[in-house]
Structures are given as C-alpha cells and as structure tokens.
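Data block below; observations after.
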Amino acid sequence: MDNCKILFIGDPHFKVNNIEIIDEFIHQCLEQLTSDIDICVIGGDILHTHERLHTTALNKAINFIDQVRKICPTYILVGNHDYENNQQFLSKRHWMNALKEWTNTFIIDYTSIIKIKNFTFGMVPYVPPGRFVEALNIIDNEWWKNVNCIFAHQEFYGCKMGAIESTEGDKWDHSFPLVISGHIHSEQRPQKNIFYPGSVIQHAFGESEDNGLLLLIFNDPEIGEYPLMVKKILDIPKMRTINVKISDFSTLVLDPKKNERIKIICKGSVESFKAFKKNKVV
C-alpha cells in the first residue's frame, strides 16, 4: 500500500523586517520539496499585518506559493494574521482569494475534507478559541472523528505561548484524531493527539530555536495510527539568547552568523553592576 507524504510549513510570517531571512528560507524550503511529496500544507500566517499589506512581503509570499504549487498540490490554511482580525469565523475576508484561481492551489478558509490515496484529512482555517468543533461540524456532524489527521491553525487548551499557558483554547478529547497545528511558534505537544511543529522561522526571542519543516509520512490508513514525523531543520539565522554573569561579560566571545540576532541577558548583584559601569567595558 502506498504511503502518503505531507510537508507541513508552519507560520512563516513574511514581514518587511525579515526579507533577507525569508529569501534564505524560500531557497532551502524548495530544496526539501522533492518529487515524492504528495502535498504541501502551509499552516497559516503567511503574512503578518492582518488587513494592512506591505507590497514587498506580499510579492515574496505570492512568488513562494507559486513556486511550491508547481512542485506539488499546495493547501494553505488561512491564519489569524492573514485575516483582517482575530474574530473572523470561516470568513473570506483575507488576502488570498485571488489565488483560488491558480491550479494546484487550495485556499482553506472553510472546513474541508481532503482525500489522498487511501487517507482522509480534515483542514480548518483559524477560528476564534472555543469554536473549533463548531467549525468541524459545519460540513457534517462528527465526520471528522474518522479522519487520519486534521490540519489547523488553532489555540488549544494547555498550549504554551511564552510564559502563558492557554486556559481559553479549545479542549480536545484524547480519543479524537491527531491535530497538526500552526499558530503556536514554539514546538510542543500539549497532549498526545495535538502537535505544534512551531514556526518554520523564529520570530521572537524565547521561541524554540530548532524548529523547521515537518515531513509527515502516513503508512497505515487505519484510524488512530499516527504518522512518522521527520523534522527538517533549516540553516537560517536564529534569534539567540545568551545568559551571562555580569562579572564574565568582559570575556564573552560572540561569533554571530550573518543576519543572526543576539540578545544578551546579564545577571548579577547591584554591586557588580556598579563595578561594571565604573570599568566602562563595552
């Protein structure tokens, strides 16, 4: 029986202040899109600024999608940052409507069922917290309980957003199908059947640094059988945090890569900071 290979790309957030990193991301991402990939799923938040579009970032995003769709069928979940605001529910008020005219391109702004080989997948765009099951039931009550996997861009109960743990996100019964979701930028698994691969590009200090593309290999169409997950880390600039004692700052050696951003957090007593200032070490 043929397996099914899906490449998942999480939250690229094309912005005017990360264009150089985006160029490197596109180059390396396309190298991973080999001919044996059945479909590519872009997990939402391709752009960043909601209803305010920046031409350079928009053109980069459109060009990227155009290149991906020429390699394999491409499914794009509409994320909250792709919408005008975070309160939209299965809405067409986003920037990707014109892309629906392209072949091999599927814009997911409404709950969808996708059949590939012997496998069945659900796809849901971002919906406000608490409305995920409602969105699934839009098509037919509880059809989604019999899929191999659901792709989403959703906040689930218990996921971590920096120091905050979600108490408003959707609760997802442990007997429900596996969900692979965008929206949360740090890789995590709040429960067995929910997995956040994290954003393919690090967007803020404190987010996990070893995120990447996620290759999902489905070998068994039997419901409840989880796929093999292979992380493909890209060699693109990171946002690195270095913790150092103030007494050791003068001997700190940095070897930053091109476009890498580094935050240095110095720790010490009030007295040690006063002594540091007197030494005028820069």
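Cβ atoms here come from the backbone N, Cα and C positions, even for glycine.
Small disclaimer: the values here were computed from a predicted structure and weren't measured.
Reduced to three states, the DSSP call for Asp45 (divalent metal cation 1 binding site) is coil. Counting every protein chain shown, the number of other Cβ atoms lying within 10 Å of the Cβ of Asp45 (divalent metal cation 1 binding site) is 25. What Swiss-Prot lists as divalent metal cation 1 binding site is Asp45, His203, and the listing cites similarity to another entry.
As annotated by Swiss-Prot, divalent metal cation 2 binding site applies to Asp45, Asn80, with the evidence given as similarity to another entry. Listed in sequence order, the residues of the same chain lying 6 or more apart from Asn80 (divalent metal cation 2 binding site) and placing their CB within less than 8 Å of its CB are Gly44, Asp45, Asn86, Tyr126, His153, His183.
Asn80 (divalent metal cation 2 binding site) carries neither a helix nor a strand DSSP state and counts as coil.
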